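Engineer: Just passing along the structure, written as structure tokens.
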Amino acid sequence: MAESVDLPSRLGILPFRNKVLLPGAIIRIRCTSPRSVKLVEQELWQREEKGLIGILPVRDAAEEISVGSALSSDVGAESGERSSKGVGASDAKNQAEVIHWHTRGVAARALHLSRGVEKPSGRVTYIVVLEGLCRFSVQELNTRGTYYTARISPLDMTKAEMEHVEQDPDYVSLSRKFKATAMELISVLEQKQKTGGRTKVLLETVPVHKLADIFVASFEISFEEQLCMLDSVDLKARLSKATELVDRHLQSIRVAEKITQKVEGQLSKSQKEFLLRQQMRAIKEELGDNDDDEDDLVALERKMQEAGMPPNVWKHAHRELRRLKKMQPQQPGYNSSRVYLELLADLPWEKTSEEHELDLQAAKERLDSDHYGLTKVKQRIIEYLAVRKLKPDARGPVLCFVGPPGVGKTSLASSIAAALGRKFIRISLGGVKDEADIRGHRRTYIGSMPGRLIDGLKRVSVCNPVMLLDEIDKTGSDVRGDPASALLEVLDPEQNKTFNDHYLNVPFDLSNVVFVATANRVQPIPPALLDRMEVIELPGYTPEEKLKIAMNHLVPRVLDRHGLSSENLDIPEDMVKLVIQRYTREAGVRNLERNLAALARAAAVVVAEQEQTVPLRKGIQQISSPLVDNRLADGGEVEMEVIPMGEQNHELPSSFRIVSPLTVDEAMVEKVLGPPRFDDKETADRVATPGVSVGLVWTTFGGEVQFVETTAMVGKGDLHLTGQLGDVIKESAQIALTWVRARAADLNLAVDDTGLLDGRDVHIHFPAGAVPKDGPSAGVTLVTSLVSLFSHRCVRADTAMTGELTLRGLVLPVGGIKDKVLAAHRYGIKRVILPERNFKDLVEVPVAVLNSLEIILAKRMEDVLEQAFEGGCPWRQRSKL
């Protein structure tokens, strides 16, 4: 704990280096050297002798000093704070320097003395607050112990001399001028620092000659000017010098304020930050702390120059870059502008894939190796590639593969990219309802970003990729726009040369992109968009094609994905066929692959449990094969020695085991996949009662077999429809019932036309009510079901039908013939009734499927009824239909 006392004792302060104490000024000094400490302890606690005073040189650095050329001294003081007028004590570690002290000084009064804690070395630090009193001149310098004293003579005027000088007109004029200048300085400082009240009091109460020393002592002036003020014993010279220094300080403050006001008027807050950051950057460069090799904006500009933008785009980008350079990183639009320019620099304006020479034969082999079947589809792709080879810049049509899931639409697009030697990118459009996903958001919105097309081109880094627009039929529309309408410009070769993304706001050429689309259905695609594409249908695979695909593609891929090989697992062709018939009835092969993967997982468990490592026994060295190979190559005989097994012959059989491949059989299939999901007897069981007929429908998953059930009950002649039916199929049911009621007498179903529904209602049900059903293809099936109900006769179990009916009994053509015929083939149907006008569509059905089915063409409803029942329609002989 430091001790402090207030003392009236005096010291003599001599100027040293760049520190001078003037009368009236107050400084704080720290005394640490032994001599300065001794001086404080001896002089400040005793009365000073007459004309004799302790001497303490004030300096700003702790250095060893000497008086004259013989006296060595480390007496000194060092500053306690950088802002105070005191300076530091001497330091014995520094090299001695021979100097001469000034012969004039200032007598100082000790206002406050603080004694620090004594250190273990015995060193004590004193902090003394001194006030300058008057000037003196050193007459004689003496040594008292370890410190110095001096005999002095005062230099200040006596009271009589002061009164005489104050009557001098020149002194009066200098005093007024000094006070005016000092008052002006105080006013400026008061406006700037909101202080100056105490200084005004001093100006009014303290004599002018003392004010001169006080004011000058508060300025930052040179050591020579301080010595000049100390040596100014004459009052006129002192006032003149003080007035000059105060006026100079006042003018410097005014100039600084003028510059500050001018700069503040021109610089905004962001500009100030920019200036400070530039200064900081310059400081870092001087210090070597700048780790960046080059400025980010310079690198961005270089990257933009190398991007190969068109002239109009470069002009726009360069203008945006100039605007960015004037902004500060803290401004709201800085990051968005920079991200925008980085996107422009990253886009492949001219960068293309290096296409190799297109080999059609290699493309055919690639398509055949990747896809089985699909002959017409692959032929159309080869034609497309042939045109590309003859005319690379040809604007060919946009191919749109339409078909159920799992038939290979996406892989076909990937094969096109591989054949062309271009990069492939997939853009998923399923569930897209915002137009901005295609055209991008405008940059005025928060979080704006480019559309999926531009973002895809940025990721693929070339301007001529093969871009797959997947699930193009799954787009929707709402208040945010219609993405399908935005695709009109994208897929039109006459318009996509200047595709305008809202985020880019500059045209981008999409004419080099090869667009391929996929869809499950054609109906949801808007007609205008469908008109810009060439639809290629992939209806599905026959069981025979599925078997080939499974053996050639699916089984090897499944084994590889599960860490197996043909040495571990054997899936016979019969078992694959069993899985196709009993567990999958889809158009594609995705579920088939899942079932095969389930068998592979079950086999992986068995193989992993049987797999063991066979280590070599100690002392047995492995025979090097090169020696054996060389002897065999030279025709030499290999001598073999039979080593009989001893008592430990049981060790080898226990650790060495030969594992044969695991073969999948019917028991394993049923254990892993469960009981069979489908049965060939299902159709016969369903139509075993009257009122049930078998129809063929088309869904997004391909063709399906749909059963129609009807029944009659007591009622008022109403018609009840269930099965989550759409409006079109409900109208078909109404037409079917009307036709049957109109032909009831001719078909011998009722006595008269009105007695068919007397006292009873008819209920028509489509099973699988969780699945929505709609479409104009169930008319003939509904009529057959109603006729079966009212005639109490069963429909043939091996017969399925499709077609729409008019009120006059004509059978109208429907779509999806190939899918429906394939579905009937998968379900084991032997006979299919089709509209006569759909005969042309049978060309697309595989020959193997047509050979296994009996195709019956019907022109009128009576033809359908004739073939739907066993033995034909017996009522036709009695009526004129």
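The backbone N, Cα and C atoms fix where each Cβ goes, and this holds for glycine too.
Below are the features listed in TrEMBL for this protein:
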type	residues	note
ACT_SITE	SER777	active site
ACT_SITE	LYS820	active site
BINDING	GLY403, PRO404, PRO405, GLY406, VAL407, GLY408, LYS409, THR410	ATP binding site
DOMAIN	11-250	domain 'Lon N-terminal'
DOMAIN	687-871	domain 'Lon proteolytic'
Engineer: For GLY403 (ATP binding site), which residues of its chain lie six or more apart in sequence with Cβ-Cβ distance below 8 Å?
Structural biologist: LYS409, ASN520, GLU537, LEU538, PRO539, GLY540, ALA587, GLY588, GLY702
Engineer: Rounded to the nearest Å, what's the C-alpha distance separating GLY408 (ATP binding site) and SER777 (active site)? Just drop the number here, would you?
Structural biologist: 27
Engineer: Taking the mean position of the Cβ atoms of GLY403, PRO404, PRO405, GLY406, VAL407, GLY408, LYS409, THR410 as the ATP site, which residues outside that list, in the same chain, have a Cβ no more than 8 Å away, listed in sequence order?
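Structural biologist: What remains near the Cβ centre is PHE401, THR518, LEU538, ALA587, GLY588.
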Engineer: Could you state the whole-number distance in Å separating the C-alpha atoms of SER777 (active site) and PRO404 (ATP binding site)?
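Structural biologist: Here the two Cα atoms are 19 Å apart.
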Engineer: How many neighbouring Cβ atoms, not counting its own, are there within 10 Å of the Cβ of GLY408 (ATP binding site)?
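Structural biologist: If we count other Cβ atoms within 10 Å of GLY408 (ATP binding site), we arrive at 23.
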Engineer: What Cα-Cα separation, expressed in whole Å, is found between THR410 (ATP binding site) and LYS820 (active site)?
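Structural biologist: LYS820 (active site) has its Cα 23 Å from the Cα of THR410 (ATP binding site).
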Engineer: Between PRO404 (ATP binding site) and LYS820 (active site), what is the CA-CA distance rounded to a whole number of Å?
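Structural biologist: PRO404 (ATP binding site) and LYS820 (active site) have their Cα atoms 12 Å apart.
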Engineer: Comparing the recorded positions LYS409, LYS820, which residue's C-beta has the most other C-beta atoms within 10 angstroms in this structure?
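Structural biologist: Top count of Cβ atoms within 10 Å goes to LYS820.
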Engineer: Would you mind ranking the binding-site residues PRO404, PRO405, GLY406 by how many other Cβ atoms sit within 10 Å of each Cβ and giving me the lowest?
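Structural biologist: Candidates: the binding-site residues PRO404, PRO405, GLY406. Fewest Cβ atoms within 10 Å: PRO405.
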Engineer: Take the Cβ of VAL407 (ATP binding site) and count every other Cβ within 10 Å, whichever protein chain it belongs to.
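Structural biologist: Summing over all protein chains shown, VAL407 (ATP binding site) has 28 other Cβ atoms within 10 Å.
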Engineer: Would you please pick out, from the recorded positions THR410, SER777, the one with the fewest other Cβ atoms within 10 Å of its Cβ?
Structural biologist: THR410
Engineer: When the pLDDT values for the domain 'Lon proteolytic' (687-871) are averaged, what is the result?
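Structural biologist: Summarising the domain 'Lon proteolytic' (687-871) by its mean pLDDT gives 85.
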Engineer: Quick one: Cα separation, VAL407 (ATP binding site) versus LYS820 (active site), in Å?
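Structural biologist: Approximately 16 Å lies between the Cα of VAL407 (ATP binding site) and that of LYS820 (active site).
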Engineer: Cα of LYS820 (active site) to Cα of PRO405 (ATP binding site): how many Å, rounded?
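Structural biologist: Between the Cα atoms of LYS820 (active site) and PRO405 (ATP binding site), the distance comes to 16 Å.
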